[in-house]
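S.K.: Quick one: the structure is below, questions incoming.
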Amino acid sequence: MSETLELASALIARRSVTPMDAGCQQLLAERLRPLGFDCERLDYGEVNNLWARRGQQGPVFCFAGHTDVVPPGPEAQWRHPPFQPVVEQGLLYGRGAADMKGSVAAFVTALERYLAGGHRPRGSLALLITSDEEGPAVDGTRHVVETLSERGERIDWCLVGEPSSTERVGDVVKVGRRGSLNGRLTVRGDQGHVAYPHLARNPVHQALAALDELVTTRWDEGNDHFPPTSFQISNVQAGTGATNVIPGELEVTFNFRFSTEVTADELQQRVEAVLDRHGLDGRIDWSLSGEPFLTAEGELVAATQAAVRDVCGDPPVLSTSGGTSDGRFIAPTGAQVLELGPVNATIHKVNEHVRAADLDTLSRIYEGVLRRLLG
């Protein structure tokens with residue numbers, strides 16, 4: 001069993017369902033300290049965070065990832081117990097194999113080989129690991145980045161180990177992500193009997209025209225890197241469940257996935273203008289999950305493309321598709337941020353797995369990035 005596979009298995013065996021870390025970060029620190037890393041706990045609330053750094057000079061290259069995993073779901077449906085890693089027919093099974101304990105293990109073994117080779121990096125090496133990526137993502141990477149900023153520490157290049165690949169390791173690298181803005185619209189009405197609508201005020205009827213306008217609006221045209229901004233209604237709640245009662249209140253939750261062509265403030269203003277135009281009696285509560293970010297070019301992109309080509313034979317596709325990641329908290333500091341990790345076909349599913357050999361491939365790619373960026 002390779003060192004990367006062995007470490008990934010040891011991490012999977014720790015039942016670190018978000019926001020728990022279950023000793024994963026302690027295990028990582030034990031591997032990093034002998035390499036010369038200063039390992040600092042930046043815990044916040046229930047969340048465990050590890051900031052490990054080797055060197056004091058810039059530029060700073062950082063691997064970023066998480067040790068928490070989503071719940072396994074019905075464990076009886078798993079081929080093997082989700083927290084008992086098993087390699088079967090070349091596949092490593094276990095919750096977190098792809099998302100993202102395999103990547104975290106590859107970070108460490110890439111660093112071990114790189115430093116064992118006698119390399120003297122032109123700058124500092126760092127790891128930022130949290131147990132709050134799969135949860136609210138408030139007390140994890142966001143908190144660590146704020147702490148580093150207060151101390152005057154910055155990250156120049158950041159490689160996030162999210163499972164970016166689709167068919168084979170390294171076929172897709174994420175160079176950015178769309179922003180995510182949530183809204184909860186509450187429309188007030190007057191409850192009443194459906195037979196006497198003149199004595200009531202139906203908030204559903206009030207809201208229909210405004211909602212239709214929001215759904216059909218073209219928010220922007222996108223650009224070379226991002227598709228047009230998307231508006232999706234995710235939940236609609238109204239009424240008591242009875243068929244003869246006009247509801248007194250309507251609640252609609254919705255989400256924008258937005259490009260760099262528009263800001264969260266602009267979207268909020270445009271939505272509120274639509275509601276005002278339709279005279280709705282209500283309010284909106286907004287929640288910004290993250291701004292869009294893009295690293296379209298630069299040293300990190302070039303080094304990653306070259307490392308993937310060296311190890312895999314073909315250059316990666318550069319993409320901004322998919323959901324949000326913790327890269328959204330690091331990019332606003334000015335860092336170049338990319339995401340590169342295992343194949344994502346089974347993430348969050350029963351029987352999550354990766355090809356065992358892929359983790360060694362990933363570790364070699366990570367080592368190649370280090371060599372090209374830091375010498």
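Even glycines carry a Cβ here, placed using N, Cα and C.
As annotated in Swiss-Prot:
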type	residues	note
BINDING	His66, Asp99, Glu162	Zn(2+) 1 binding site
ACT_SITE	Asp68	active site
BINDING	Asp99, Glu134, His348	Zn(2+) 2 binding site
ACT_SITE	Glu133	active site, proton acceptor
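Surface or core, plus neighbours and distances: that's what I need for these features.
M.R.: In the structure as shown, the Cβ atom of Glu162 (Zn(2+) 1 binding site) sits within 10 Å of 29 other Cβ atoms.
Neighbour list (Asp68 (active site), Cβ cut-off 8 Å, at least 6 residues apart, same chain): Ser16, Val17, Thr18, Pro19, Met20, Asp21, Thr130, Ser131, Asp132, Glu133, Glu134, Gly135.
The DSSP secondary structure for His348 (Zn(2+) 2 binding site) is coil. On its own chain, His348 (Zn(2+) 2 binding site) has Val70, Asp99 as residues at least 6 apart in sequence with a Cβ closer than 8 Å to its own Cβ.
All protein chains shown were included, and the count of other CB atoms within 10 Å of the CB of Glu133 (active site, proton acceptor) stands at 27.
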S.K.: Name them in sequence order: residues not among His66, Asp99, Glu162 whose Cβ is within 8 Å of the mean position of the Cβ atoms defining the Zn(2+) 1 site.
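M.R.: Residues close to the Zn(2+) 1 site, other than His66, Asp99, Glu162: Gly65, Met100, Ser103, Glu133, Glu134, Val160, Gly161, Pro163, Ser325, Gly341, Ile347.
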S.K.: Once Asp99, Glu134, His348 are set aside, which residues in the chain still have Cβ within 8 Å of the Cβ centroid of the Zn(2+) 2 site?
M.R.: Val69, Val70, Gly96, Met100, Ile347
S.K.: Since the record lists Asp99, Glu134 as binding-site residues, which of them has the fewest other Cβ atoms within 10 Å of its Cβ?
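M.R.: Result for the binding-site residues Asp99, Glu134: minimum number of other Cβ atoms within 10 Å at Glu134.
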S.K.: Return the residues near His66 (Zn(2+) 1 binding site), defined as same-chain residues 6+ apart in sequence whose C-beta is under 8 angstroms from its C-beta, sorted by sequence, else 'none'.
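M.R.: The list for His66 (Zn(2+) 1 binding site) reads Met100, Val104, Ile129, Thr130, Ser131, Asp132, Glu133, Glu134, Gly140, Thr141, Asp326, given in order along the sequence.
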S.K.: Under DSSP, is His66 (Zn(2+) 1 binding site) part of a helix or a strand, or is it coil?
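M.R.: Its secondary structure by DSSP: strand.
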